[in-house]
Amino acid sequence: MKIVTTVQEMQQITNELHASGKSIGFVPTMGYLHEGHATLLRKAREENEIVVLSVFVNPLQFGPNEDLDRYPRDIDRDENVAKENGVDYLFYPSVEEMYPSEQTTTVEVVKRTDVLCGKQRPGHFAGVATVLMKLFNITLPTRAYFGMKDAQQVAVIEGFVTDFNIPVTIVPVDIVREEDGLAKSSRNVYLSQDEREEALHLYRSLCIAKERIEAGERNPEIITNLVKEYIETHTKGTVDYADLYAYPSLTMVEKVEGRIILAIAVKFENVRLIDNITLTVK
């Protein structure tokens, strides 16, 4: 595995790979890698001749009162996970390397960002789309891999790639969970022991809602109220949202049918956790 820290060297490598016709699987991350990331890397390894992993904590996607400064970082751990999962190139640029001067151009994304985290975190997805435009141009991927834990991000990226005719296939990968159901996340390290126990109720609330849908409930308001009430009863967290939309358009539905997403965000004392399920309802 080769570690690359400059845009110029990474572009030179991927230009040569592209010219030789090799397929490139790209996994963009903010580091502090866990089993969810490892799953993305293994899928990229299975489906491509070359695997590129980027580790970059992107300041553009953090709001003024968010956790940019304390976001967990451990490049030694990330290197080990990368090596264990068959990465060929680890792209590890500094902020100064990615943004040598103030951006004069950013990518604004609309519609799919009007709800869920996009509504709660203004500017977040513009930051995500901007850094991905840069990373896609630097790494020239055939396929790019994203976890469905942030299903809104996947929907936004799919729309952005389609709208700009970017020649990359977006590959969504199912959420990876702990044995007790908690969605794996780099931010889980912020949870206290009690909060870690309470956080299990996030996924449980989604499973209960899924059972109600499978039993025939088709009123989205009843489903989302069920989820909110369950979380508020079983945790000390604050529900940021518990919403149900068509997926991937993220538009309102009057009836639970077709492909839908039920997504939640809950704030604990030091961390905000997200989770979701997607279903196809007949």
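Cβ coordinates are placed from backbone N, Cα and C, and glycine is handled just like the others.
Swiss-Prot has this to say about the protein:
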BINDING   30-37, 147-150, VAL176, 184-187  ATP binding site
ACT_SITE  HIS37  active site, proton donor
BINDING   GLN61, GLN153  (R)-pantoate binding site
BINDING   GLN61  beta-alanine binding site
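Closest by Cα distance to VAL176 (ATP binding site), from the recorded positions HIS37, GLN61, GLN153, is HIS37.
Ranking the binding-site residues GLN153, SER186 by other CB atoms within 10 A of the CB puts SER186 at the bottom.
Secondary structure at LEU33 (ATP binding site), taken from DSSP and collapsed to helix, strand or coil, is coil.
Counting only same-chain residues at least 6 apart in sequence, those with a Cβ under 8 Å from the Cβ of LEU33 (ATP binding site) are VAL55, ARG77, ASP78, VAL81, ALA82, SER186. Rounded to a whole number, the C-alpha distance linking GLN153 ((R)-pantoate binding site) with HIS37 (active site, proton donor) is 15 angstrom.
Annotated pair GLN61 ((R)-pantoate binding site) and HIS37 (active site, proton donor), C-alpha to C-alpha distance, rounded: 19 Å.
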